[in-house]
Amino acid sequence: MKASVIVSVALGASMCLATTLAELPACSQACLQSMLGKAAELGCPPHDPGCLCSHPDFTNGLRDCTKEACPGENIEKVVEEGQKACKDMGGAPGSSTGAPTTGTGSGTATGTPTSGSGSETTAPPTSGSGSAPAPTSGGHSTPYTTIPAGPTVITSGTNVITTSRPATTLYTEVSGSQSGSESGSSTGSGSESTSGPEPTSATSSEGGSSPSSTEGSGGSGGSGGSETSGSGNGPSPTPSQGMAPKATGLGVAGAIGLVALLAL
């Protein structure tokens, strides 16, 4: 009995489906038949049209297929006929009907929830770098007031000039300290020596005497000579004068006098 009921239901569903497909153009019929065969892809068990027809992707796929492959056809009519085909197959969402010979029955259709996944790409944060002149010795300045922007009116006689003033921020002076040390040393040595006669009045062979000698010949062929020495005192020489020139002068004078005596 049950087998005959199942066969009857299957035959009735096939006849209804054929009727529904006949009401659609050939292009949209192909889309509907294609979507009715995607139960496994959509996660529905075989011979469970209720799961397939209640799946959102069944309707979306039927709509997209008709739009892309069958331009000009009424997409909403194709979707409506697709849902009608599901109902004729016994896949109306939430209900099923038994064979009319055994009465009515109730059943539930189960659907698998779908989950969508997406990805969001967030741009990595960027970093920038810059440089500004740093205050010396660790000092820093801080803003202490801001002059807001506004007009500036300048009156000169009958002339009135209005200009705009930008906002200005005033900063404190750079605070900090500067310290440093400088050290150095300079050493040197030198000697200076001068030589010269000391300003004394002592008689010496340098300051007062100069030997002189003369030689002469006698008429008899003999030879003789005399050597005299003289000494004299004079004023002490100054640092810019030496005593040797004076002594030499005195010696020359003595020699000339001796020659004069011999000539007599």
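Cβ atoms are placed via backbone N, Cα and C, with glycine included.
Marked as compositional bias 'Low complexity' by Swiss-Prot: 94-139, 172-215. Residues or ranges marked as compositional bias 'Gly residues' in Swiss-Prot: 216-233. According to Swiss-Prot, the feature disulfide bond maps to CYS27-CYS70, CYS31-CYS65, CYS44-CYS51, CYS53-CYS86. Residues annotated as GPI-anchor amidated serine in Swiss-Prot, with sequence analysis given as evidence: SER240. Annotated signal peptide per Swiss-Prot: 1-22, in sequence order, evidence recorded as sequence analysis.
The structure, with features from Swiss-Prot marked on it.
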residue	record	DSSP class
CYS27	disulfide bond	helix
CYS44	disulfide bond	coil
CYS51	disulfide bond	helix
CYS65	disulfide bond	helix
CYS70	disulfide bond	coil
CYS86	disulfide bond	helix
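Using Cα positions, the member of the disulfide-bonded residues CYS44, CYS65, CYS70 nearest to CYS86 (disulfide bond) is identified as CYS44. Put simply, of the disulfide-bonded residues CYS31, CYS44, CYS53, the one whose Cα is nearest the Cα of CYS70 (disulfide bond) is CYS31. Looking only at other Cβ atoms within 10 Å, the busiest spot among the disulfide-bonded residues CYS31, CYS44, CYS65 turns out to be CYS31.
CYS31 (disulfide bond) sits 14 Å from CYS53 (disulfide bond), taking the CA atoms of both as reference points. For CYS65 (disulfide bond), the nearest of the disulfide-bonded residues by C-alpha distance turns out to be CYS27; the candidates were CYS27, CYS44, CYS51, CYS53. Of all the disulfide-bonded residues listed here (CYS27, CYS70), the one with the fewest other CB atoms within 10 A of its own CB is CYS27. Calculated from their C-alpha atoms, the gap between CYS44 (disulfide bond) and CYS53 (disulfide bond) amounts to 10 Å. Cβ contacts within 10 Å of CYS86 (disulfide bond), excluding its own Cβ and spanning all protein chains shown: 24.
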